[in-house]
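Visitor: What Swiss-Prot records for GLN37, TYR38, ARG39, HIS40, LYS41, ASN69, SER108, LYS138 is 4-amino-2-methyl-5-(diphosphooxymethyl)pyrimidine binding site, and it gives sequence analysis as the kind of evidence. Look at Swiss-Prot and you will find ASP70, ASP89 tagged as Mg(2+) binding site, backed by sequence analysis.
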Amino acid sequence: MKSNLHGLYLVTPDWDDTRKLLEITELALKGGVSLLQYRHKTADAALRQEQAECLQALCRSYEVPFIINDHIDLCLGINADGIHVGGTDKSVAEVRAIIGPDKILGSSCYGDLALAHAAEAAGASYVAFGGFYPSKVKKYPVTTAPTIVSDWKAQGKVPSCVIGGMTRDNSAPLVANGADMVAAISSVYLAGDPQAAARAFVSLFAK
């Protein structure tokens, strides 16, 4: 299993159609996704379980780490590779204590460097900054300054991820400033060619 926290970090949309979700996800995985996060804020427990198990099996076949958003019980229950938590979830320290030292743990830090430093100290594997641009999926204010990426590159030790309305073009300067990962949802899942869309993001990290 690859565990390189670098490149395209694909996040799932709130789709109840599991077959469609798997089909589009596999196309994206073929395009070079580095990590996949399962995030479905409106699904019931049964649908979350079903989709998570199917997506995890798909990720295993492509040797891509599989991350669960928020639901620690689900993460542990299926032995996912990691979990991502935000400001309304348990603290990073609490989650790290629950999941142990080996799983990937991501933390949403919005536009707050102090929060990122605290998350790093508490055991986060990576920190996520954003939103940078208006998002079709996640409704949050666009308040994060692009300079936070270079500031974190100079100060932080764990990788950073940028989120919020990401396209291949608007994320390019953030990657140039030091972002280790770009999180995308609609730019890949709603693309006419999801595999090509994923590949376009991946090209930002080619050196």
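For all residues, glycine too, the Cβ spot is worked out from N, Cα and C.
Remember, it's a predicted structure, so these values are computed and weren't measured experimentally.
Help me understand the surroundings of these features in the structure.
Guide: In sequence order, VAL11, GLN37, TYR38, ARG39, HIS40, ILE83, HIS84 make up the list of same-chain residues 6 or more apart from ASN69 (4-amino-2-methyl-5-(diphosphooxymethyl)pyrimidine binding site) whose Cβ falls under 8 Å from its Cβ.
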Visitor: A 10 Å Cβ contact count, applied to the binding-site residues ARG39, HIS40, LYS41: which residue has the minimum?
Guide: LYS41
Visitor: At a 10 A cut-off on CB-CB distances, which of the binding-site residues GLN37, TYR38, ASP70, SER108 has the highest count?
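Guide: Within the set of binding-site residues, the most crowded position is TYR38.
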Visitor: Determine, to the nearest whole angstrom, how far the Cα atom of LYS41 (4-amino-2-methyl-5-(diphosphooxymethyl)pyrimidine binding site) is from the Cα atom of ASP70 (Mg(2+) binding site).
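Guide: Answer for this pair: 9 Å between alpha carbons.
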Visitor: Work out how many Å separate SER108 (4-amino-2-methyl-5-(diphosphooxymethyl)pyrimidine binding site) and ASP70 (Mg(2+) binding site) at their Cα atoms, rounded off.
Guide: 11
